[in-house]
Amino acid sequence: MNQHINIIISGAYGKMGRSLIKELKKNNQIICVAALINPITYHIQKNQKKIKKKFSFPILTLEKLKKNTNINFDVMIDFSTPENSLENIKFCLQRNKKIVIGTTGFTNTQMKKIKKYSKKISILCSPNFSLGINLMCLILEKIFKILGEVNEISILETHHSQKKDLPSGTSLYLQSIITNFFNWKFLKKDILNYYYLNTKNVQKKIGSSSIRIGKVIGEHTVILSMKEEIIKITHQANHRNIFSRGALNSVVWINNKKNGFFTMEDTLKEVI
Ligand SMILES: NC(=O)c1ccc[n+]([C@@H]2O[C@H](COP(=O)([O-])OP(=O)(O)OC[C@H]3O[C@@H](n4cnc5c(N)ncnc54)[C@H](OP(=O)(O)O)[C@@H]3O)[C@@H](O)[C@H]2O)c1
């Protein structure tokens, strides 16, 4: 029986793709069998004869992979763009393969489609694969249980200036944890500042602030305001390998799962 898990990395030339390839060198269980890059970049590099054999696996585009039936894989990992992630999911659906998605910035409509596709294949989608952020989510739920009620919550996130989405996927995920827990209704007023939420005629709110500067990998602070005190919980990512490790652990986890929609929190709930 083959003990290895064969994966394809999509977005291989990006910051996360490069980090995954580096992290894989320390991993004996997972083997990369192909890497997918942006077709525009592929054609430019091909013309310049820059698609070199620097990796032990082929560099392709999704279209080329579709025509290649020799590449056999178990799970795809995608850290690219929302539009491309959806194309990758459709491809995995056709081949009945599993997919781990780290890409952020999906619209609600795109997310609904992903959940629909997960009825047929396993999809693990997490806006943040660091152990720390996922533990922070579990801790927050415990704090909410103890507090019972919170009036004001603010989320502050800082990322590097190249980041495309705003607020970050992690900030939106943290907001969804809060709204789901307290059953608050969502009323988006201003993307940069406040999300107002109404429950039982009392106005509650989640503040959302984003900073884009320099090379910050990612920092999220959740600030909970109670009557006479404030709790602040911060997670700071100091290295991209924390996301790569989480994504690779998720590959191992999802490899044994049948169809369904999962997050990294699901992978941790089994061990905590
Ligand atoms: N879940 C997490 O833990 C986590 C952590 C970090 C980042 N992220 C998210 O992951 C995504 C990627 O982040 P990053 O920092 O790696 O960004 P990045 O450096 O911009 O990398 C994205 C890569 O995707 C490539 N790409 C674009 N279209 C493609 C296509 N059609 N096929 C294949 N590749 C394509 C881009 O190629 P070109 O540059 O040639 O266009 C680029 O190399 C973002 O959404 C980010 O927010 C998630």
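If you go along the chain as it appears here, the first residue is 1 and each next one adds 1.
Glycine is no exception: its Cβ is also placed from the backbone N, Cα and C atoms.
What TrEMBL records for His159 is active site, proton donor/acceptor. Neighbour density for His159 (active site, proton donor/acceptor): within 10 A of its CB lie 25 other CB atoms from the protein chains shown.
Lys163 (active site, proton donor) carries neither a helix nor a strand DSSP state and counts as coil. Taken from TrEMBL, the feature active site, proton donor covers Lys163.
Taking a C-beta cut-off of under 8 angstroms and a sequence separation of 6 or more, Phe129 (NAD(+) binding site) has the following same-chain neighbours: Gly102, Ile242, Phe243, Ser244, Arg245, Gly246, Ala247, Ser250, Met264. DSSP assigns Phe129 (NAD(+) binding site) to coil in the three-state reduction, placing it in neither a helix nor a strand. Per TrEMBL, the feature NAD(+) binding site maps to Gly11, Ala12, Tyr13, Gly14, Lys15, Met16, Gly102, Thr103, Thr104, Ser126, Pro127, Asn128, Phe129.
Taking Cβ-Cβ distances under 8 Å and a sequence gap of 6 or more within the same chain, the neighbours of His160 ((S)-2,3,4,5-tetrahydrodipicolinate binding site) are Arg212, Ile213, Gly214, Lys215, Val216, Ile217. As annotated by TrEMBL, (S)-2,3,4,5-tetrahydrodipicolinate binding site applies to His160, Gly169, Thr170.
Summarising the annotation, TrEMBL assigns domain 'Dihydrodipicolinate reductase N-terminal' to 5-129.
Taking the domain 'Dihydrodipicolinate reductase C-terminal' (132-268) as a whole, pLDDT averages 86 in the prediction. Residues or ranges marked as domain 'Dihydrodipicolinate reductase C-terminal' by TrEMBL: 132-268.
Taking the mean position of the Cβ atoms of His160, Gly169, Thr170 as the (S)-2,3,4,5-tetrahydrodipicolinate site, the remaining residues of that chain whose Cβ falls within 8 Å of it are Thr104, Pro127, Asn128, Glu157, His159, Lys163, Asp165, Ser168, Ser171, Gly218. Note on Lys15 (NAD(+) binding site): other Cβ atoms within 10 Å of its Cβ, all shown chains, come to 15. Counting other CB atoms no more than 10 Å from each candidate's CB, the binding-site residues Gly11, Gly102, Pro127, Gly169 peak at Gly102. In the three-state DSSP scheme, Tyr13 (NAD(+) binding site) falls into the coil class.
Annotated pair Lys163 (active site, proton donor) and Gly11 (NAD(+) binding site), C-alpha to C-alpha distance, rounded: 15 Å.
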